[in-house]
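Everything below concerns the one structure shown next.
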Amino acid sequence: NHPNSSSSSFILVGVPSSDAFPTCWGILFCSGYIITLVGNGVVLLVIGLENSLRDPIHWFLAMLAVIDVVMVTSVVPKMLSIFWLKSTEIGYMACFTQMFLVHSATSVESGVLLAMAVDRYVAICHPLRYQTILNRQTIAQIGLAIVLRALLFIIPLTAMVTNLPYCRSHVVPHSYCEHMAVAKLACADPRPSGLYSVAGSSLIVGMDMAFIAVSYGMILKTVLRKKLCWKAFSTCGCHLCVLLLYYVPGIVSIYVQQFSSGVSAQAQVLLADLYLTLPTMLNPIVYSIRTKQIRQAVLKLL
């Protein structure tokens, strides 16, 4: 009655009520996965090969690309096996490992986006001190702090969900081991883990968005006060696009999963799936199109 062992497993439904279109869903997510791997791989390759792309903003962009690859790889291959091979079973430990990777990656990505906003603030408001403030040691410390913060949030959440007794259905109405979908299968009260998740996610996202807003407020103030060319402010355009791609569907998905019982199960699952796959696919495209240095480096590589 308690599948709390490595030999137990859960059953992933995929996208509910979509039995007639599994091949189409598989093609859609497989195409997105290939674009994500190729796009982020090219970004990492040009940053590694081109000496002119060794400044702090491109180191943060490399971090973002790595996180995107980890996030989508932890989810999409299993989704494709569900859609194409009807392999819906996932092991107990594999399920919670997937949960850990997905939710820690989302927290790390939010931290990297905050670091990129700080980078733009220093570059525009303190251009002469840019290399001094954001040296390699500082960047490494920022990256370590981002990872530690994610671990401090996700390890207790994973432990709370893992220690629940699962004596009901093992069928997870989702495409991956989303923690609330799994916790609801427990025969104990899942609300503590749900409240912890919403509170922790709201705190991380709220804090990051507040600091990002402050950074851009100070950037705007500097641009207006010093009558700088708006070209300086336009360097933030691709970062703002990525922020919108990440935070808007993420916030909607979190609160829909937790509070909106009026939204259909199919819509909830698709929203969660697109939240993990769409930004990871579009991020390298946005930076390649809007950032002249990366675009020129990619053309040079080709």
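Using the three backbone atoms N, Cα and C, a Cβ is placed for every residue, glycine included.
TrEMBL entries are annotated by machine, without manual review.
Since we're looking at a predicted model, the values are computed, not measured.
These features come from TrEMBL:
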- 39-287: domain 'G-protein coupled receptors family 1 profile' (DOMAIN)
- 20-47: transmembrane segment (TRANSMEM)
- 59-84: transmembrane segment (TRANSMEM)
- 90-118: transmembrane segment (TRANSMEM)
- 139-161: transmembrane segment (TRANSMEM)
- 194-216: transmembrane segment (TRANSMEM)
- 228-248: transmembrane segment (TRANSMEM)
- 268-287: transmembrane segment (TRANSMEM)
Original post:
Which sequence positions outside the transmembrane segment (139-161), separated from its termini by at least 6 residues, show Cβ-Cβ distances below 8 Å to it?
Top reply: 56, 59-60, 63, 96, 99-100, 103-105, 107-108, 111-112, 115, 179, 182-183, 190, 192-193, 196-197, 200, 204
Original post:
Which residues of the same chain, at least 6 past either end of the transmembrane segment (194-216), have a Cβ under 8 Å from a Cβ in it?
Top reply: 107, 110-111, 113-114, 117-118, 120-121, 149, 153, 156-157, 160, 179-180, 183, 236, 240, 243, 247, 250-251, 254-255, 258
Original post:
How does the model score the domain 'G-protein coupled receptors family 1 profile' (39-287) in terms of mean pLDDT?
Top reply: 85
**OP:** Report, as numbers and ranges, which residues of the same chain sit near the transmembrane segment (59-84): CB under 8 Å and 6 or more residues beyond its ends.
**Re:** 12, 14, 22-23, 25-26, 29-30, 32-33, 36-37, 40-41, 43-44, 47-48, 90, 98, 101-102, 105-106, 108-109, 112-113, 115-116, 119, 139, 143, 175-176, 242, 273, 276-277, 279-281, 283-284, 287, 294
